[in-house]
Amino acid sequence: MPRSVHSPFLFEAAWEVANKVGGIYTVIKTKVPVTVREYGDRLCLIGPLSYKSAPVEVEAEEPGPGPFGDALRSMQDRGVKLLYGRWLIEGAPRVLLFDTGSCYDRMDEWKGDLWNLAGIPSPPNDHETNETIVFGYMVAWFLGEFAARETDNAIVAHFHEWQAGLAIPLCRKRHIDVTTIFTTHATLLGRYLCAGSVDFYNNLQYFDVDHEAGKRGIYHRYCIERSSAHCADVFTTVSHITAFESEHLLKRKPDGVLPNGLNVVKFAAMHEFQNLHVQSKEKINEFIRGHFYGHYDFDLDNTIYMFTAGRYEFRNKGVDMFIESLARLNHRLKKMGSKTTVVAFIIMPAATNSYTIEALKGQAVTSQLKDCVEQVTNRIGKRIFEHACRYSGEHGTEVPNPEDLLSNEDRVLLKRRVFALKRNSLPPIVTHNMADDANDPILNQLRRVQLFNRPEDRVKVIFHPEFLNSNNPILGLDYEEFVRGCHLGVFPSYYEPFGYTPAECTVMGIPNITTNLSGFGCFMEDLLESPEDYGCYIVDRRGQGVEESVDQLTGQLLSFTTKSRRQRINQRNRTERLSELLDWKSLGLEYAKARQLALRRAYPDSFNDDEPDFTGVQKVGVPLSAPASPRMRTGMMTPGDYATLTEEMEHLSTQDYMGAKSWKGINDDDDENHYPFPLVMKPRKRSDSLASAISGTATPSGGRKLSEKDLARADAALSNAEGVHADGVNGHH
């Protein structure tokens with residue numbers, strides 16, 4: 001008897017479940033609430049057990065009776081150590097963590113089985129691969145035990161990244177009755193190739209992937225990743241740019257794109273997040289006063305704070321382009337005679353020895369000056385009060401003589417504190433003593449372009465080689481607080497499968513700059529008619545050379561710097577409105593579509609055309625907004641619908657199925673019109689064949705252009721979709 005597809009179990013496996021390592025932890029953690037609302041206790045997250053993080057992340061429970069508990073007890077009886085309980089986050093999902101160390105005695109047997117099964121080699125000294133193999137076999141073991149006991153309902157297993165994906169080919173080979181989805185957040189080979197300064201996107205189709213992986217010593221890892229992608233029922237990526245990359249490097253065209261989202265906290269009133277910006281900005285101002293003591297000759301009310309942040313990947317994160325653009329911006333501002341000062345922060349962790357003496361001294365002397373001024377102010381206030389109390393109207397004046405307010409002792413104290421601010425050196429460009437100062441790429445480029453924080457420079461630079469936290473003695477802010485206090489985030493990445501940093505800026509109402517080689521940049525560019533009107537600037541790194549891209553970025557920085565305060569406030573309001581596009585309440589629909597597509601492929605007979613299709617028109621409750629909400633490229637779509645999993649246009653590339661029903665963007669920065677926010681999913685009719693779904697692949701430089709045959713096929717497919725006209729197809733490049 002076939003399994004029921006109406007109440008399936010969902011297992012989601014990732015290396016970062018209850019174990020913060022990187023960005024996938026954020027994806028899993030923030031997505032949980034919407035998934036729990038759909039599945040309840042039919043959802044269980046699976047990951048490796050970290051004895052360091054598990055005690056503070058998970059509340060242990062005993063599994064109850066039933067197929068799930070029986071499967072766990074069966075494994076425990078055979079020596080498997082595991083932790084089952086509730087993840088202590090919003091939604092409190094069930095979580096199952098396997099202790100890979102408890103099965104290391106089986107590792108050689110499993111490595112041999114993997115070689116016989118798939119021809120995948122496994123070097124003995126690669127600890128990460130060893131962990132991946134053991135974890136993959138343990139997950140496949142559990143799924144087999146559970147599927148043998150739970151025979152009524154369908155089972156969906158969703159795997160994130162190659163470290164968790166090995167269970168997919170094992171389930172396929174063992175004929176375990178589970179439906180599998182594999183999501184790659186970045187390809188292994190892509191990261192290595194981009195870090196090697198190759199012209200990655202223009203040569204993507206020409207790489208000999210086996211040779212390149214072998215040359216870099218990651219062939220065995222690449223094989224695991226590729227087998228996971230090919231054996232999964234549904235293969236997805238997090239962005240179109242990664243889909244294009246996966247098609248050429250993993251040799252399978254993804255079935256769709258599942259963009260990353262965030263849990264968006266909406267404020268009751270528009271002014272609330274503006275107030276948070278002002279409060280956080282004042283804390284940054286305090287740091288700036290200390291850092292630039294002795295050369296603090298600029299107006300903080302006429303200062304723009306920019307920043308870039310992330311892992312220290314000098315080229316992949318576009319730090320080289322950012323610094324070059326800052327140097328050109330500095331030249332232009334000086335040439336214009338501008339009074340505006342730009343302070344650019346670079347927040348990236350690197351090897352350091354300690355804080356610099358100058359950075360610590362600056363904060364200390366300004367703090368002492370502030371305390372001294374407060375003491376003197378209190379004494380002056382007391383003298384004014386005493387004078388007013390003694391005034392009788394017969395002699396003296398109502399207001400004391402200003403010279404009598406400041407005593408000689410106060411004058412000496414103030415002079416000492418002010419003289420302590422004098423210094424002969426320039427403000428430092430880095431807050432820490434670097435472990436390898438002479439070879440640090442960021443410092444070397446700052447020296448090359450001569451950004452040394454000179455008094456005449458309009459652009460000042462501060463490199464903070466450590467992630468932010470509120471206990472920092474120099475810049476004591478958490479990352480979120482710091483972002484809220486800045487005016488602009490700059491992330492001109494060359495390789496960025498999605499990019500949470502610009503997304504976090506958007507949710508907090510901070511304008512940002514990204515590129516069309518980042519997943520987030522592609523997402524916003526394809527979704528909005530004029531993203532720059534809403535504070536999302538996109539640098540073209542796909543269709544033009546480096547010099548042109550640097551000039552474009554410099555122009556965007558200059559344009560933002562010359563905005564008035566009112567224009568910046570209006571733009572922040574619009575940027576904050578974009579947060580609804582990044583909310584999991586909307587983007588969670590894309591994961592639901594992927595799961596349904598997987599079930600349709602595994603159990604086609606369980607679906608019939610008379611059933612309502614959940615990919616039909618679904619209105620997302622978004623009110624009329626003030627100020628104006630973003631205008632979409634098409635009036636009939638959800639935030640992720642341009643990447644939706646459909647089956648009509650299997651042969652078309654991403655650009656073949658972009659909606660083109662344009663809305664005019666806002667041109668006036670001060671315009672505050674009201675108009676609707678049309679978030680409606682495109683209605684689609686099912687194809688007769690369930691063999692494939694749309695490929696979420698983009699075609700950056702080197703990709704093909706649309707042929708007449710492609711356009712005709714797109715027209716035919718869209719003409720079958722209710723309410724969507726055939727002239728909405730766009731071969732957009």
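The first residue you see is number 1, and the count goes up from there.
Glycine too: its Cβ is placed from the backbone N, Cα and C atoms.
Sequence annotations record features per position, and here Swiss-Prot assigns UDP binding site to Lys20, Arg311, Thr501 based on similarity to another entry. Thr501 (UDP binding site) has a Cβ environment of 25 other Cβ atoms inside 10 Å.
Taken from Swiss-Prot, the feature UDP-alpha-D-glucose binding site covers His185, Arg191, Arg311, Glu496, Gly499, and the record attributes it to similarity to another entry. Cβ-based neighbour count (10 Å, all protein chains) for Glu496 (UDP-alpha-D-glucose binding site) stands at 29.
The alpha-D-glucose 6-phosphate binding site annotation in Swiss-Prot covers His271, Glu272, Gln274, His277, Lys281, His487, Arg568, Arg572, and the record cites similarity to another entry as its basis. Within 10 Å of the C-beta of Gln274 (alpha-D-glucose 6-phosphate binding site) we count 17 further C-beta atoms, all protein chains included.
Residues annotated as region 'Disordered' in Swiss-Prot: 686-710.
The annotation compositional bias 'Polar residues' is assigned in Swiss-Prot to 689-700.
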From binding-site residues Glu272, Gln274, Lys281, Arg572, the one whose Cα lies nearest Arg191 (UDP-alpha-D-glucose binding site): Arg572
Closest of His185, Glu496, Thr501 to His487 (alpha-D-glucose 6-phosphate binding site), Cα positions, binding-site residues only: Thr501
Beyond the site residues His185, Arg191, Arg311, Glu496, Gly499: chain residues whose C-beta lies within 8 Å of the centroid, for UDP-alpha-D-glucose: Gly23, Ala186, Glu313, Asn316, Ser493, Tyr495, Pro497, Phe498
Rounded Cα separation (Å) that holds between Lys20 (UDP binding site) and Glu272 (alpha-D-glucose 6-phosphate binding site): 30
Nearest of the binding-site residues (His185, His271, Glu272, Gln274, Lys281) to Thr501 (UDP binding site), judged by Cα-Cα distance: His185
Secondary structure at Gly499 (UDP-alpha-D-glucose binding site), reduced by DSSP to three states: coil
Spatially closest candidate among His185, Arg311, Glu496, Gly499, the listed binding-site residues, to Arg568 (alpha-D-glucose 6-phosphate binding site) (Cα to Cα): Gly499
Entry from the binding-site residues list His271, Arg568 having the most other CB atoms no farther than 10 A: Arg568
Reduced DSSP assignment, Arg311 (UDP binding site): coil
